[in-house]
Every structure is written in structure tokens, then in C-alpha cells.
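Since the structure comes first, as C-alpha cells, the remarks are kept for the end.
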Amino acid sequence: MTNPSVNVYLDKQEYGKDKVRLLKVHRDSKIHRVDDLTIRCLLSGTSFTTSYTEASNKAVVATDSIKNTCYILAKSSKVVDTLELFASELGNHFLNTYNWVDGAHVTIIRHRWARMNIDGKPHTHSFWRDGDETRQTDIFIKRGANGRRTIEIKSAIAGLLVLKTTGSSFEDFVRDEYTTLREAKDRILSTCVDATWEFNVPSVQTESLLPTLSQIPFNQIYDSVRDVTCKIFAEDESASVQATLYKMAAQSIANWKWLDRVSYALPNRHFFAVDLSYFRGTKNLAEHADVYQPLSDPSGLITATVARAPGTSRL
């Protein structure tokens with residue numbers, strides 16, 4: 001096939017290995033810990049242009065080698081249990097090892113395992129899968145001038161399924177010829193939370209990257225954002241999912257000076273009271289409702305990003 005006559009260029013590129021499955025067992029004490037991870041590592045840089053435009057593999061690091069690197073570094077790493085640090089360690093390794101790589105994009109998903117309780121006591125080495133909720137991080141590390149590194153870090157909770165049986169209403173919304181939904185003074189509120197938070201990280205010399213990042217309490221921040229999400233969801237007398245979302249995001253930014261932006265996506269998981277009046281006049285609407293029909297589709301979707309205002313103190 002001949003080259004197209006139109007003038008084009010390679011605007012951007014990334015390539016690498018996706019869905020690398022890895023389990024790290026920590027046996028540093030009699031109480032074992034596990035990290036069950038899914039990893040994606042993508043490399044970018046101008047040196048890869050010819051692999052697209054000229055079918056040249058001279059600069060291409062095989063994706064199998066990228067996969068092997070994940071396992072090799074996991075063997076020696078002391079920070080696998082902190083996703084942000086392990087992802088940064090992987091990304092920095094690719095830039096240090098291959099001097100023609102301009103950027104590394106690493107995404108890690110951690111799957112939940114909870115320790116079993118046997119005869120009322122936590123078991124030392126047995127676990128059960130604790131639902132579909134995951135912890136995630138996404139880092140993009142770039143080569144800068146004079147041996148410096150710039151890094152963007154986003155972390156997330158995905159698939160946190162929550163429900164409360166009261167304490168939520170939906171009233172005073174627009175009513176017109178398209179409206180069939182009844183107003184609700186009190187309703188079930190359920191959503192599957194996806195939350196993402198972005199860190200403020202300065203550019204650093206390559207040798208000080210991990211020491212600098214180690215000053216950020218990533219694991220504590222994750223636990224805190226999750227706790228804030230659950231606490232405000234449970235306690236807020238919500239007249240608006242939007243307002244509840246805003247409170248969640250604003251509280252986490254206030255709690256942690258390292259956070260610049262927090263985003264939420266909250267899809268409504270609807271539970272509609274079943275009209276049972278056809279059966280002997282059974283009352284099951286409004287204040288009489290206790291039997292509901294879950295409906296997953298279609299669903300409302302509430303999203304927003306809340307950002308720290310410029311000049312705001314980080315104390």
C-alpha cells in the first residue's frame with residue numbers, strides 16, 4: 001500500500017503492556033499480607049516515531065520485556081503496597097534504563113482481599129475477596145532538563161457500592177410536559193462511587209524522586225478519602241446528590257495539602273417502590289413503601305470536579 005497523498009504526522013503515541021497480573025506476598029512477619037495488582041505500563045517518545053512511520057523496531061522495547069520488568073521490580077521493591085510509589089518506581093526505571101524514552105505512563109489497579117476471621121480471630125495467611133471495589137493510581141512521568149523528572153499522579157477509588165434507606169430527598173425540580181417522576185420527600189439513595197484525586201507534586205531530580213514522593217502519605221490519603229466519602233454519604237441529609245458530592249470533594253481537599261483536585265462520578269442506582277394497590281388495596285407507596293424494585297438502567301449520572309482555589313493555604 002502506498003503512503004496517502006495527504007500530509008500527516010504522528011501527533012502522539014504510547015505503547016506498552018496492559019493487564020499484567022501480579023500478586024505480591026509479604027512474609028516479613030508471621031502475619032502475611034497480599035497485594036493483588038493489575039498493571040499497565042506505556043512508553044512514549046519521539047524515538048518511537050519511526051516504528052509507526054517506517055516500521056522500524058530499532059528503538060522498541062518489547063512489551064514482553066516491559067511485563068518482565070514489572071515482576072522483577074516487584075521482587076526487590078519495598079513499596080509495592082503503596083501503589084503511587086510502586087508506579088513511580090516502575091516509570092522512573094524505564095526512563096533511567098532507556099535514555100531515548102521521554103515518558104512512562106503507569107496505571108495500577110489493586111484488588112481487595114480481606115483477612116479471614118476464624119474462630120473470632122484474624123487468620124495469619126487466609127483471605128477472602130472483598131467485593132469488586134478497587135484502588136487505583138495513574139502516573140505519568142516525563143524526562144525534564146538537567147536530569148529532572150516531572151510527574152503527574154492521580155489516584156482513585158472505583159466501584160464503591162453504597163446504599164442508604166433514608167436521609168435523601170428529591171424535590172422542587174423542573175416540572176414540564178416531559179416530567180413523569182414523582183417528587184420524593186424521602187427515598188433510598190444508592191450509587192457506585194468512582195472518585196479521583198490529583199496530587200500537587202513538584203519536579204525533582206531523578207535520584208530524589210522516590211524520597212520526595214515518600215513524604216506524601218498516599219495510603220493514609222486513600223483511607224481518608226474513602227472514609228470521608230462514606231461518612232458524608234451516610235450522614236448528609238441530602239436534598240441533592242450534587243451537594244453531597246461537593247461536600248465530599250471539598251472535605252478531602254481541606255484535609256490534605258497535597259490534593260489539588262477531587263472528582264466524583266455518582267451514577268444513581270434506582271429503587272422504585274412497587275405499586276401493590278392492585279392486590280387488595282395494599283399500600284406500598286410514599287410513607288408505606290418497604291418493597292422496592294431495583295432498576296439499574298437507565299440511570300442518572302452526577303459528575304463534578306472540585307479544585308483548590310489559587311492562593312489557598314495548604315496548611
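For all residues, glycine too, the Cβ spot is worked out from N, Cα and C.
Here the structure is a predicted model, which means the values were calculated and not measured.
The active site, charge relay system feature in TrEMBL is assigned to LYS17 (among others). Non-local contacts of LYS17 (active site, charge relay system) by the CB criterion (under 8 A, 6+ apart in sequence, same chain) comprise ILE39, ARG40, CYS41, THR63, ASP64, ILE66, LYS67, CYS70.
Positions annotated as active site, charge relay system by TrEMBL: THR63 (among others).
Within 10 Å of the C-beta atom of HIS270 (active site, charge relay system) sit 18 other C-beta atoms, taking all shown protein chains into account. Annotation comment: TrEMBL describes HIS270 (among others) as active site, charge relay system.
Note on THR63 (active site, charge relay system): other Cβ atoms within 10 Å of its Cβ, all shown chains, come to 16. Per TrEMBL, the feature urate binding site maps to THR63, ASP64, PHE170, ARG187, VAL241, GLN242, ASN268.
Other C-beta atoms found within 10 angstroms of the C-beta of ASN268 (urate binding site) number 18, with every protein chain shown included. According to TrEMBL, the feature O2 binding site maps to THR63, ASN268.
Here TrEMBL flags THR63, ASP64, PHE170, ARG187, VAL241, GLN242, ASN268 as 5-hydroxyisourate binding site. A helical conformation is recorded for VAL241 (urate binding site) in the three-state DSSP classification. The number of other Cβ atoms within 10 Å of the Cβ belonging to VAL241 (urate binding site), over all protein chains shown, comes to 21.
Within its own chain, ARG187 (urate binding site) has SER168, SER169, PHE170, PHE271 as residues 6 or more apart in sequence whose C-beta sits under 8 angstroms from its own. Of all the binding-site residues given, namely ASP64, GLN242, the one with the smallest number of surrounding CB atoms inside 10 A is ASP64. Here the Cα atom of VAL241 (urate binding site) is found 13 Å from that of HIS270 (active site, charge relay system).
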